[in-house]
Amino acid sequence: MGIEGSIVPAENWAGYTAAADRGSDHPSERLGVPEGIDTPEIDQIGQSGTPLRAWPDTIRTLYLKEMTARLYREQHFLAVLGFLTCLATIALDMLTNPAMVKEGAMLRVLGIGPILLTGFIAAERGKTWLVAACLAAGPSAFAGVIVHLTSHLQPQYAASYLTATTLVVGMANIVMPLSMRGLILFDIAFIGTVVLVLAAGPAGSAEALAMRADYIALLCVVAAATLPLAARFEQLRQKNFLLNLRSRITAHQLRGANRKLRDLSERDPLTGALNRRGFARMFNQQILGAMDEDAPQDQGRIAIIMVDIDHFKHFNDTYGHGAGDTCLTMVAQTLHAILSEIGGVVARHGGEEFVAAMREHHCGHVDALAEEIRLAVASLMIPVDVKGSAKGSSLVTVSIGVGAANALSGARSPRHREAMREALIQMADSALYSAKNAGRNRTQILHHPGPEIRAESA
């Protein structure tokens, strides 16, 4: 009688494989990159020099989101820088014309202070458009104050003040985190503010009028000359964004590949269960790691179970190696189904031998759990007659050895963790040997006599 026609499997083992895959994988993280963006698409944008307006919606939206975050970061820095600049220019007023210090200070406080305050409030409330508007209005108001104060200065000082404002517009074009359209609007507002202040002031001499005309021309030249530089910086920011985006996707793919490689290196290809290497890592991470987080009064015990299929060589010789592989897979499936519900770890230890680990306070009494495993395996393969009725005893039974010891909390060194695992495995192996000598198809338990397993016990 062939094994294929003589067994009734407990359940389809495909569910076990899926559960094992879910248990071994980590949550998918795209490192801030939305799904649907891939490296070929990014490379095409970078190589073709596609303008921002023609970028795919997902990539353009992500770029604008990151530029908005940059706007909020830079707003605080530029506001503080603007405040310090105002203080510095008040000191300059004292050197050039002490009589205008009071007026200059009041104009700066009343003209620029509310803009800075509004910008901070807008940033706290997430009003992006208002943050950008305040960022552009601050330098314009500052320039208006400086230009107004030139009417109180001698020509040589007035020329220096006016020239300084051209530096303001040039630097603002380069450092302000605004789009090109935003910078153009800023330049228009800046120059318009200066022209209005000059027009509202006293006419002055012909020499003063000529100086103002030259100043406005210089202001326009500086603004126009720095805009291409700002555009170049914007292009570099976009390229840097694309490179960073590509590196994040590559890093995500590399992490995924590393997870798959680690999973392959830590899993038995036949049964899908962990191998010895995977068991060692998961014992430290899931069993001892959970122990470190428990309260001292709720330590429970750590138990390792060794499961050996009885007379497996005879089973292989009788039903064939294909049936033997099916048997191993079904036993692994059964162990996983029982142990996964209580946070246990299951691995194929070698040949027809499996090992499992769990916290005893998670499962109640480990002896009852071991007996549940033994009975579940015994019900996997029962011969049946042509009518489907049970005929004879189970074709597969297991002998089980259990090693258990107290679990004490606290940080443990890698040496202590390895010593604890090896000591428990030795205890479970000794108990398994006793179960096999006592006639097989039974469970033996060996409890550690001391309060805990120490490194020396291994």
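In case you wondered, yes, glycine gets a Cβ from its N, Cα and C as well.
Look at TrEMBL and you will find 19-40 tagged as region 'Disordered'. Per TrEMBL, transmembrane segment is recorded for 77-99, 105-123, 130-151, 157-176, 183-203, 215-233. What TrEMBL lists as domain 'GGDEF' is 300-448.
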Overall pLDDT of the domain 'GGDEF' (300-448), taken as the mean: 85
Long-range Cβ neighbours of the transmembrane segment (157-176) (under 8 Å; 6 or more residues past either end): 74, 78, 96-97, 135-136, 139, 142-143, 146-147, 149-151, 182-183, 186-187, 190-191, 194, 208, 211-212, 215, 218-219, 222-223, 225-227, 229-230, 233
Positions whose Cβ lies under 8 angstroms from the transmembrane segment (183-203), at least six residues beyond its ends: 136-137, 139-141, 143-144, 147-148, 151, 165, 168-169, 172-173, 176, 209, 212, 216, 219-220, 223, 227, 230
Other parts of the chain folded back onto the transmembrane segment (77-99), taken as Cβ under 8 Å at six or more residues beyond its ends: 105, 108, 112, 116, 119-120, 135, 138-139, 142, 146, 149, 152-153, 157, 161, 175-176
Sequence-remote partners of the transmembrane segment (130-151) [C-beta within less than 8 Å, at least six residues beyond its ends]: 71-72, 74-75, 78-79, 82, 85-86, 89, 93, 100, 103-104, 107-108, 111-112, 115-116, 118-119, 122-123, 157-158, 161-162, 164-165, 168-169, 172, 176-178, 182, 185-186, 189-190, 193-194, 196-198, 201-202, 204
